[in-house]
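Below is one structure, written out as structure tokens; the observations come after it.
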Amino acid sequence: MVSAARLQGRIIAAHGRHYTVELADGSVRKCFPRGKKAGAAVGDFVQISPQGDHEGAIDQIEERRNLLYRSDDMRTKQFAANVDQLLLVIAIEPVFSDDITGRALVAARSADIEPLVILNKVDLASGVPLARQRLASLAKLGVRIIELSALDPAHVRSQLLPEIEGRTNLLLGQSGMGKSTLLNILIPDARANTQEHSVALGTGKHTTTSTRLYRLPGQTGSLIDSPGFQTFGLYHLSAHEIEQGFPEFTAAIAHCRFYNCTHRHEPGCGVLAALKHGDITPERHALYKRILAENEAKSSY
Ligand SMILES: Nc1nc2c(ncn2[C@@H]2O[C@H](COP(=O)(O)OP(=O)(O)OP(=O)(O)O)[C@@H](O)[C@H]2O)c(=O)[nH]1
Ligand SMILES: [Zn+2]
């Protein structure tokens with residue numbers, strides 16, 4: 001009955017109970033999910049029924065290509081939907097976590113999202129060799145790593161804009177890595193834009209706790225900014241998905257004696273053999289075991 005009035009849009013911000021939806025003409029509306037349609041995420045394409053001049057109801061969430069999220073034993077936290085590329089920001093200082101970096105890459109792989117690691121603050125030159133050394137095992141896996149310094153905005157733009165053009169990019173990182181600084185270089189009016197929407201929709205002051213999609217100025221594509229985090233649980237992944245998050249295991253798994261091998265202690269395990277021969281690093285195998293142990297703790301509740 002309402003279908004004639006429905007409009008297509010994309011969720012560009014999530015505020016808990018309501019969402020900001022951008023329509024094809026560039027206008028924005030404050031929208032509420034209809035009934036029990038919970039779980040919409042930034043990046044979702046939706047159909048809405050307009051209500052008044054500035055509001056609407058979300059009638060339908062279109063099928064997603066992917067959804068990136070993290071989860072612990074208490075709750076899940078959605079990052080964004082329909083993401084083409086994960087821009088994972090790490091830095092020379094403060095020290096980035098190998099564990100969180102590894103987990104973000106596992107999450108991206110399981111959601112079929114291409115990762116691009118951004119090593120920021122390379123102006124802090126004395127820390128660069130150690131950072132490169134710590135990233136060597138990821139580089140060996142074919143993960144692309146771009147080194148830059150946000151102190152040089154022109155270089156940031158020339159390095160990153162060609163990489164992100166025409167795609168939906170999700171910017172993720174631990175706190176303090178320089179995510180906001182990079183966002184402000186790539187989307188110069190990001191803050192002004194957000195405030196403008198907040199005023200128009202009466203949604204109040206922008207809080208750093210919300211996730212927000214920005215259009216790239218002067219070109220197609222978008223950048224989704226999300227709050228920094230200090231943990232990256234993967235309780236939602238199955239044992240099989242965890243295994244798939246480690247591409248260097250794939251060839252070795254074919255040699256496992258048992259079809260349900262967990263690659264921890266089984267005799268005739270191809271992964272353990274590859275670990276012994278140095279084809280898989282002890283750090284990556286340890287990360288795999290930590291993620292799997294969490295997954296098993298959840299299953300035994
Ligand atoms: N030396 C140097 N400092 C930088 C660089 N990029 C960012 N910073 C500084 O690092 C600090 C953290 O940067 P932010 O952009 O606020 O970091 P963030 O990742 O957004 O952090 P959260 O807001 O906690 O998520 C700030 O003091 C920046 O000025 C860089 O390339 N080199
Ligand atoms: Zn095995």
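From the backbone N, Cα and C atoms, a Cβ is placed for every residue, glycine too.
Here's what TrEMBL has on this protein:
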BINDING   Asn120, Lys121, Val122, Asp123, Gly173, Gln174, Ser175, Gly176, Met177, Gly178, Lys179, Ser180, Thr181  GTP binding site
BINDING   Cys256, Cys261, His263, Cys269  Zn(2+) binding site
DOMAIN    65-232  domain 'CP-type G'
DOMAIN    81-230  domain 'EngC GTPase'
Original post:
Closest to Ser175 (GTP binding site): which of the binding-site residues Cys256, Cys261, His263, Cys269, going by Cα position?
Top reply: His263
Subject >> Distance-selected binding-site residues near ligand 2 (C-beta under 6 Å), from Met177, Thr181, Cys256, Cys261, Cys269 >> reply: Cys256, Cys261, Cys269
Subject >> All-chain count of other Cβ atoms within 10 Å of Cys261 (Zn(2+) binding site) >> reply: 19
Subject >> the domain 'EngC GTPase' (81-230), counted residue by residue under DSSP: helix, strand, coil >> reply: 61 helix, 35 strand, 54 coil
Original post:
Counting distance between Cα atoms, which of the binding-site residues Cys261, His263, Cys269 is nearest Gly173 (GTP binding site)?
Top reply: His263
Original post:
Listed binding-site residues: Asn120, Val122, Ser175, Lys179, Thr181, Cys269. Which have a CB under 6 angstroms from an atom of ligand 1?
Top reply: Asn120, Ser175, Lys179, Thr181
Subject >> Cα-to-Cα gap, Asn120 (GTP binding site) vs His263 (Zn(2+) binding site), nearest whole Å >> reply: 35
Subject >> Distance [Cα-Cα, Å, rounded] between Lys179 (GTP binding site) and Cys261 (Zn(2+) binding site) >> reply: 39
Original post:
In the same chain, outside Cys256, Cys261, His263, Cys269, whose C-beta lies within 8 angstroms of the Cβ mean position for the Zn(2+) site?
Top reply: Ala252, Ile253, Arg257, Phe258, Thr262, Arg264, Glu266, Gly268, Gly270, Val271, Leu272
Original post:
If you measure His263 (Zn(2+) binding site) to Met177 (GTP binding site) at Cα, how many Å is it?
Top reply: 34
Subject >> C-beta crowding around Val122 (GTP binding site), within 10 angstroms >> reply: 19
Subject >> Closest of Val122, Met177, Thr181 to Cys256 (Zn(2+) binding site), Cα positions, binding-site residues only >> reply: Met177
Original post:
When a 10 Å sphere is centred on the Cβ of Lys179 (GTP binding site), how many other Cβ atoms does it contain?
Top reply: 24
